[in-house]
Amino acid sequence: MRTHSLLLQTIIRSKSFTELHLSDSLPFPSMAVSFKMCVSFGLFVALMMLGLVSSAKFDELFQPGWAMDHFIYEGELLNLKLDNYSGAGFASKSKYLFGKVTMQIKLVEGDSAGTVTAYYMSSDGPNHNEFDFEFLGNATGEPYLVQTNVYVNGVGNREQRMNLWFDPTKDFHSYSILWNQRQVVFLVDETPIRVHTNMEHKGVPFPKEQAMGVYSSIWNADDWATQGGLVKTDWSHAPFIASYKGFEIDACECPVSVDVNEISEKCRSGGGKRFWWDEPTMSELSVHQSHQLVWVRANHLVYDYCTDTARFPVMPVECEHHRH
């Protein structure tokens, strides 16, 4: 969103400048008119290329979902607390269809075994769609595992797990979900770690009709989170704190008043509308991003449902055709 905003600001500044000095810089009136038309068109294109929501302030985009007494505010920094009484969670005020969501998160330091910090998008109902980041705590000195999952029409079981190339407890790092009609991309510090590609032509359903909320929470999951539940949460280390800042949503907002049948039309380019997520460059990873993804999977992937023959004796269809 910052790139698009800078583009818009540049065009606006250029427009003001040319109106002030057009007669001095261009010798013929027709050139001045043509130039002003080009600038106006550029401004129009920039506006249509913008997403519809963007902010860095928590309370403009989100609201507490549960355990408000476990929220700790420090300026623009938000801390969520987990103790042996409760965890905490928050949700976006609106739902969105297509775009990009980013949060900067610093995960629980020290012995975080048994805890899960979740960050995800989800629609409602039994046939919901969902994109998950789940950060699985571990004993001191052991690496955090990041589990991603994709639900389509209520069906998940598409887990991948990896460790990271940095310690996510020492500083803030950005975690993003980019979603359009062609792909869902999970990114860490703008590096893609997973891509879920639209393969409807192979008979694989793809999430593109249901608007989603954005959520995050911290909670106790010591029945499965760390080494399959073998390592339990040590409450003597509580409270466990996950910290957040830099909330950004550059996406198509879908108010409750919009009919479900109109949502997909509202958020797709066409009829004079152009959204950045529909641009051809957004339909697949760039060559550089593809190389990054290959490196991440080769060096940090520790589990992929596609290769788990015990769970899936018959390989899931999307795994047979998926490039990544």
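Backbone N, Cα and C atoms are what each Cβ position is placed from, and that goes for glycine too.
Please treat TrEMBL annotations as automatic predictions, because they have not gone through curation.
Here is what TrEMBL says about this protein:
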type	residues	note
DOMAIN	21-244	domain 'GH16'
TRANSMEM	33-53	transmembrane segment
ACT_SITE	E130	active site, nucleophile
ACT_SITE	E134	active site, proton donor
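Predicted-model confidence for the domain 'GH16' (21-244) is 87, expressed as mean pLDDT. Every protein chain considered, the tally of other Cβ atoms within 10 Å of the Cβ of E134 (active site, proton donor) stands at 18.
The Cβ neighbour count for E130 (active site, nucleophile), using a 10 Å radius and every protein chain shown, is 18.
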